[in-house]
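What TrEMBL says about this one:
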- 11-391: domain 'Major facilitator superfamily (MFS) profile' (DOMAIN)
- 12-29: transmembrane segment (TRANSMEM)
- 49-67: transmembrane segment (TRANSMEM)
- 79-97: transmembrane segment (TRANSMEM)
- 103-125: transmembrane segment (TRANSMEM)
- 146-164: transmembrane segment (TRANSMEM)
- 170-192: transmembrane segment (TRANSMEM)
- 213-232: transmembrane segment (TRANSMEM)
- 252-274: transmembrane segment (TRANSMEM)
- 281-297: transmembrane segment (TRANSMEM)
- 303-320: transmembrane segment (TRANSMEM)
- 341-362: transmembrane segment (TRANSMEM)
- 368-386: transmembrane segment (TRANSMEM)
Amino acid sequence: MNKKVNFKVEGYGKLIFFVFFCATASALIQPYQSVFLQEIKNATSNQIGIFVSLNSIAGIFFSTLFSMVSDRFRQRKKILSMALCNAILGYICYLFIDEFFFLLISSSVFIGVSTMITAQIFAYAKDILRKEVNDTEPYITVLRTIVSFAWVFSPMLASMLIKIPKYKGIIGSAIVSYIIAFLILQFNFSTLTEDIKAELTHKEDIYEQKSNLYILINFLVFTLLEAMNVIANTNLPLYITKILGYSNKYVGFLTALSSLMEIPCMLFLAYLAFKKIRIEYIIFYGISSGIIFFLLLKEVNSMYMIMLIFVFKAIFNAVYKGIGISFFQKMIPQNCGISTTLFTNTTRMGSIVGGIIIGSIGGYKNNFFFVSMVMGIISFLLYIWACNVEKIIKEKSQ
């Protein structure tokens, strides 16, 4: 078996550039969204929570709807084009709509539709790769590493663009990134037909679909993991600037640092995928790293110490984001659009749960540390249950 990822696989290089610019746009805005809403749109903590939750609900609806369409008709290029156009319109609204209520509605529609970009990209990648290679998991993991690379570059760029008043430099650059991604899709994917009919007899597709209970429990596990991440990403910028007293530039710096650390972690995960290391062990270590991160973060206030313990957050993110897509695709191997969307919907549901918690816990110094650690422990226990459930079901079927 070839132990290296072959970047000459048809369409793979184009997908890398496409993923990079899509991720760049997202990474420019997300670290600053809560601060932008608070400082420019005068949103309260409760309003920020509502904003995150409503956008996530819209994302679940649209991504689920179009996942079924994409699996049935394989029109992924058209669906991606529509999603990118909505992303561009959504962030234009950020620039020109000052009233919070109207921004909430426009964002829920336009950004809600655009949230299916990630699921459709990785479903599209799965369709392409499984016609060319025997094991797609390392390729998907490397592709996910490109997202982390974009998250290294973009927040650092944003820390310079923040000097432009009212975050217009950051939002404008995100719009430009989406336009570039749209052009890449239109002019460089002509050889990749929208209606790729993947061979279901391919040896990857003989993986047995997991039980519904196993899928449901893992959906809950990854939802809780994303909620932990949402709570951290939303509260950490406020915690760093309002409680610890550091300037806004450290927000982008820490985001970039975490993503930089994720890259070697994800590349190591791709290596483990080639080695066929059991994914259950990797997920256990990933969840444990997230719990350790919040436990240590509560005890430090030095920027140097915060940077040091961000390695645990990097491991946590690398595991649940880096292998999560492949993990879900293997659970429902015949419908990669639905399985990938199921994974991305854990991020939407996690955002809803996280948004509700953000609006409920009030302050940002002590409460979000404790809540995140509790959610990590619950997800750890749920994952142990899921593994035991699947083992029992297999034993009964034999």
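Glycine too: its Cβ is placed from the backbone N, Cα and C atoms.
Contact count against the transmembrane segment (12-29) (Cβ pairs under 8 Å) is highest for 170-192, out of 49-67, 170-192, 252-274. The transmembrane segment (341-362) makes no contact with the transmembrane segment (252-274), as judged by fewer than three Cβ pairs under 8 Å among residues 6 or more apart in sequence. When Cβ distances are compared across the two stretches, the transmembrane segment (281-297) makes contact with the transmembrane segment (368-386), since 3 or more pairs at least 6 residues apart fall below 8 angstroms. Confidence in the domain 'Major facilitator superfamily (MFS) profile' (11-391), given as mean pLDDT, stands at 82.
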